[in-house]
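Each remark here refers to the structure printed beneath this line.
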């Protein structure tokens, strides 16, 4: 099988995942999109490993071994991620990413130390 | 012990007493009083012993160099001639009297330990000035006195008057000390040494390059320290301190230092005719002006303060006509009777509960409450007014005699004009002195009205000291004027007939004029009630005095003046009375000439700092703040926006790498 097929499939999967991460509002779907991106990468790893090891005498198949690692870590990651989403949902009643904006800059762009207050401090 | 060892111990003992008093004041209060009284007493004994051994013979010189100090060497040197030996005895004597008196005067004062230690330090510094044979060592004592006067005048620092007075005393004397320091350096450079003996040797051989400049620079420091016009304004305000401190400053230390300094270095001043004339004019203005001002004061202590300025004017006048023997003679006799006047005034203030003469003149029987103060003060006032045979007569006549001698131009190095200036001003001041002495006596002791308040018996320590000081006030001049020339330059100090008759006659005229004026005005006293009396019969004298000073301005509207129609000075001075009470508004002149410009300059500096320099600093902070605000705007909190930006950045980087790699 030519390398182009898995590579194109992997690219399509990655783009799908990327679109999901950037465009979906539901946090669970965002996590699922992340999984799709990871699997695109896994596919690449396996395909290139096979393609590169065809000519080699001795090979460790490190690409395929790395894929196993990625799958394991992705499983752990999605577990934690889903737990966080669950906690957020219980806490706030929503898992809509657009509404989770706690790290946004506050309404007062000047902060507490305005020039007028500083002047009053200096002359006191 | 050798005389040198004794002489070293004289300033050292009060210094050690002061150090021990400051260290033990809190932990061992029982030692404070012995530590205050015994060191000056021991110094007095030792100083007397040194004086006896020196005996007016050749000067005792001793010196040691601690460490090489560069171009002009500074040595720890003693130079004890007749002047130094006698002045040291006076200083130790008055300091001992003041310390004994203070144990009674400030017996309940919580700050007595530090007060007594500072008085001892003050004494020690003055003794250092007196004995020192090196100008830089002398300067050390000179400056230590300055800081001690600051602390002691500000003893009642709870009151704003005392705070202002102590700052003023410090700043005004420092104003004179800056030129003084430059003058000392110039003198040391010209003479190649700071040793007084070598400096005098250089002067004798005509080696001074700039005698007028040096003399005038030194004169500024002397004017500040000895309260001579135009730097005398700190002295009347220094009355905000406790009375024993006033006695110490006015009689023995501080103000005497300036006169003594000129007496030591008189040849330096004589090298310049201009300096002698300036000295004479300064003395004349000081004498006459202070006499008028003293006549108008309401505060009993301020009368005495202005009289000190006037008597110091006599001393500088004597120096201006080249007779340092007469100057130091007057310094010695004045030291005794002025200390007595102040200490007696302290007793009177305690007994009357007020420092205002207007209030005292409305009190009946004050002299029966304090008979010791009454009799001793009478003696001291007679000495001040130079009535024979009290000691002030002989010393003042020696000054006037020297001036009369100088008018004929017979005195070397002294222009005849200086003699005339001093003589005329001295005779005028004799009249004024007798007038204000009489006024003080009449108002304080011949008051009519309500019975004086009873403040109990005065402590024995206070009254005994008065009688001790009354002895030299009475007899010192008459006994000493024949033997003193042997201690001094050998110039005759016997009163001459002409000046004695003129001076005494004018003094009698002044006294009679005041008495006549008082006869006419005292009837008015009953019609205009006036006076605020601090009533604390159980409090110690220091407390009563502090209250009296603090209440004078609220009660009379002025610190120095009371609107009293029964005051004889109203008839004597006429329209001059108000400006004289305010010291001829010299303070206002200083405010306009110095205080306002300095404040304006400070305002300008404040403006430059706040509005100009700070603007740059604030702008330097504002620019990063604006940039930060722009960056912060990107923080929307939406994670997907961040990831989009990340993606865009990655794409841009990838394209860039591709372009570089392909060489496009």
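Cβ from N, Cα, C; glycine included.
TrEMBL lists B:68-115 with the feature domain 'NADH-Ubiquinone oxidoreductase (complex I) chain 5 N-terminal'.
The domain 'NADH:quinone oxidoreductase/Mrp antiporter transmembrane' feature in TrEMBL is assigned to B:132-403.
The transmembrane segment annotation in TrEMBL covers B:6-24 (among others).
Counting residues 6+ beyond its ends, the transmembrane segment (B:36-56) has Cβ neighbours under 8 Å at 3, 6-7, 9-11, 13-14, 16-18, 21, 80-82, 85-86, 88-89, 91-93, 95-96, 99-100, 102-103, 116-117, 119-120, 123, 127, 486-488 in the same chain. Positions annotated as transmembrane segment by TrEMBL: B:36-56 (among others).
Residues or ranges marked as transmembrane segment in TrEMBL: B:76-100 (among others). For the transmembrane segment (B:76-100), same-chain residues at least 6 beyond its ends with a Cβ under 8 Å from one of its own Cβ atoms are 3-4, 7-8, 10, 14, 36-37, 40-41, 43-44, 47-48, 50-51, 54, 56, 59-66, 116, 119-120, 122-123, 126-127, 130-134, 137, 195-197, 244-245, 247-248, 251-253, 256, 260, 263-264, 324, 328, 331-332, 335-336, 339, 343, 461, 464-465, 468-469, 484, 486-488.
Residues annotated as transmembrane segment in TrEMBL: B:112-130 (among others).
What TrEMBL lists as transmembrane segment is B:169-187 (among others).
Remote same-chain partners of the transmembrane segment (B:275-296), defined as residues 6 or more beyond its termini with a Cβ less than 8 Å from a stretch Cβ, comprise 211-212, 215-216, 219, 223, 228-229, 232, 236, 262, 269, 302-303, 306-307, 309-310, 312-314, 316-317, 319-322, 413-415, 417-419, 421-422, 424-426, 428-429, 431-433, 435-436, 439, 560-561, 569, 572-573, 576-578, 580-581, 583-584. TrEMBL lists B:275-296 (among others) with the feature transmembrane segment.
Residues annotated as transmembrane segment in TrEMBL: B:303-321 (among others).
The transmembrane segment annotation in TrEMBL covers B:327-352 (among others).
The feature transmembrane segment is assigned by TrEMBL to B:373-394 (among others). For the transmembrane segment (B:373-394), the residues of the chain that approach it from at least six positions outside its boundaries are 307, 311, 329, 333-334, 336-338, 340-341, 344-345, 347-348, 351, 366-367, 430, 433-434, 437-438, 440-441, 444-445, 458, 463, 466-467, 469-470, 472-478, 480-481, 493, 495, 500, 503-504, 507-508, 510-511, judged by C-beta separation under 8 angstroms.
Marked as transmembrane segment by TrEMBL: B:414-438 (among others).
Beyond the transmembrane segment (B:459-481), the same-chain residues lying 6 or more positions past its ends with a Cβ under 8 Å from any Cβ of the stretch are 97, 100-101, 103-105, 107, 329, 332-333, 336-337, 339-340, 343-344, 346-347, 372-373, 375-376, 379-380, 383, 389-395, 398, 493-495, 541. Annotation comment: TrEMBL describes B:459-481 (among others) as transmembrane segment.
Summarising the annotation, TrEMBL assigns transmembrane segment to B:642-661 (among others).
Of the two recorded stretches, the transmembrane segment (B:303-321) does not lie close to the transmembrane segment (B:112-130), with fewer than three CB pairs under 8 Å once pairs fewer than 6 apart in sequence are set aside.
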